[in-house]
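Taken verbatim from Swiss-Prot:
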type     : residues : note
ACT_SITE : 118      : active site, O-(5'-phospho-DNA)-tyrosine intermediate
DOMAIN   : 30-496   : domain 'Topo IIA-type catalytic'
SITE     : 38       : site 'Interaction with DNA'
SITE     : 74       : site 'Interaction with DNA'
SITE     : 76       : site 'Interaction with DNA'
SITE     : 87       : site 'Interaction with DNA'
SITE     : 93       : site 'Interaction with DNA'
SITE     : 117      : site 'Transition state stabilizer'
């Protein structure tokens, strides 16, 4: 018969993964609600206790303990066992350490511990209370992995370890994050709940107001703590403890003495220093980790004029000096993972301790009764001592003596065994008194144990007494301060930024930088660093407190605070937007750049190749949350081939749109509605099917120029294009030719000397040259031509203009721009 079974992969995977999930949920990552331990932690404690590796004895090599645990109870890698052992020894991870370790057991800086062959370990004193009475049949045992030895499924847990030390872990479909608490407060809450089983959460929180982290800190948010204790989920703010320390010379420094739970100190110091290096907060001179064996201390030295409170607020908001701690209190309850609140945790622990105390009392009672039975036999022997001695002397051997005692004097098997093994010195008068006293003590003990077993009130009194003994022995003060409200961190951004003069430059290809006036003035404008195939489109003097807006041909806008731009030399290329903006496309170009002081007022107009136009408010461009990594839309394009032709600030003038086929339309800018960023706009000009928009500009002068792809140029009067309404076809500004027709390559206003300053992107740059508007044309063969637009004579509307050179018509235009 074949052992091969045909099963679907879906069924096999589902069944196997379900089995695996159940294993890692119950046997690996989640703690038991009764003793607060994961299986590996329980096995470590039990194995070390079984081997006598306890607090009152000397330390033993960690490797020996790990080997015993792995060989007897936990058949997994030694690293997982050692890591768990090390964590239980770290006083910055546990409120009460369960393992004491000699040697390097890691640090708050995330340093790894020394190898287990170098360190030594033993159980801590309080860990002994988790294992107390385990030898008295108080908990159930199960066979280990190879059925050679039994291990406990839970520990007796004489204190509520789940709350005291907390727990964290991730399993299949479940995760847990239970914070540590103060031992005294937890025990007080348990004692109160023993007396008041239906105690309200509010009353319990009078005894246990919140977590108590081993690293201290300030916990904010009483309402969230209550929510977490009620539902098992919640989020609180954990803030570092800081103080402002005065230094000589009027300087100050921020001193950090406590940091949030689970925060890596070295990483925190590095992040704070990164803030200094990147000048995100001006005013930080130095960041030092001054921690030593006396305690944690991080010093943040400030400049003399620095605003210490504003800098501290910034660091709290943008570094791990303040973090959110998320409660997710999941534990194994009756073999099932459950999200539990405070009342459920306490009641489960009380129920567990009830079982432990009753089982322990039954064990002790049975032991006392067994001993009492023997003591009664010994006392009876002493009353008939001569007869017993004679009977034993007449017996053939020990077995015969025992049988004679049982037959002649009705002793039990146990009593007979005790009599025949009795040592002669025990027959003195003193020992008779001792036996009688022992009998009385045993009877009292049995009575007490019977009361504990039979009377619930007596049992609970024992439970409370034992808890109070643990509290008395191990109580320590609360480390974390609790604050009812979460404080909102307000940062005066303006006060963080040192106002400095700088020059901002942007290229069409997306390179940008800021340059100090010293570096800028040491070079000429032509020495700007850029790629050979790129073009400088924007240079302007600005303040570091201002803002830069970049509008692209694909309808995206990019925001950058000036102070966040990389400060580089004028001859450096700059930083490309693709390094930070994840959605900056390869074919995307910068169309327009603008520096603004505020976003309170201002309008922009955008015109696309498909002839659509819109106005939108600058207020909608105020910094968005993901501005550092993503651009946002300012206009919706109709299709993938559509591009934005013009973007400019709105002025109260007419707009003039010119198409490639030579149609020009003039209308008032007030006809264009103000719309949201996601809209595509309205029709600006009625295009023919084979036509598209070439240029659009505001009418701010009396004339404009038209350049064709063949290199023909003309200047014509604005009045030749009368004002009409938007969405019309417009008038032709070129004469149609049957062969080699002219198509508009670029059109724009011809600015006068007085009006040019308003539109010149380089007005803040000191130049000796006259401010004359020039048209630069580069042919496809690389020839460059420059024409002073004001020197052109006015042409008729229907003329095609004049070629700028004799050979340009054969070469055609590659690039054209005004400056």
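Every residue, even glycine, has its Cβ placed from backbone N, Cα and C.
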Close recorded positions near residue 93 (site 'Interaction with DNA'), where close means Cα within 10 Å, chosen from 38, 74, 87, 118:
87
Considering only the recorded positions 38, 74, 76, 117, 118, which residue has the minimal Cα-Cα separation from residue 87 (site 'Interaction with DNA')?
38
Could you list the residues of the same chain, at least six apart in sequence, whose Cβ is under 8 A from the Cβ of residue 74 (site 'Interaction with DNA')?
39, 40, 43, 44, 80, 81
Write down the Cα-Cα distance for residue 38 (site 'Interaction with DNA') and residue 76 (site 'Interaction with DNA'), rounded and given in Å.
14
Restricting to the same chain and to sequence separations of six or more, state which residues have a Cβ under 8 Å from that of residue 38 (site 'Interaction with DNA').
28, 29, 30, 31, 32, 84, 167, 169
Per-residue pLDDT averaged over the domain 'Topo IIA-type catalytic' (30-496) comes to what?
93
For the recorded sites listed here (76, 87, 93, 117), tell me which residue's CB has the most neighbouring CB atoms inside 10 Å.
93
For residue 118 (active site, O-(5'-phospho-DNA)-tyrosine intermediate), what is the tally of other C-beta atoms lying within 10 angstroms of its C-beta?
13
State the three-class DSSP label for residue 76 (site 'Interaction with DNA'), counting H, G and I as helix, E and B as strand, and everything else as coil.
coil
Residue 87 (site 'Interaction with DNA') in three-state DSSP notation
helix
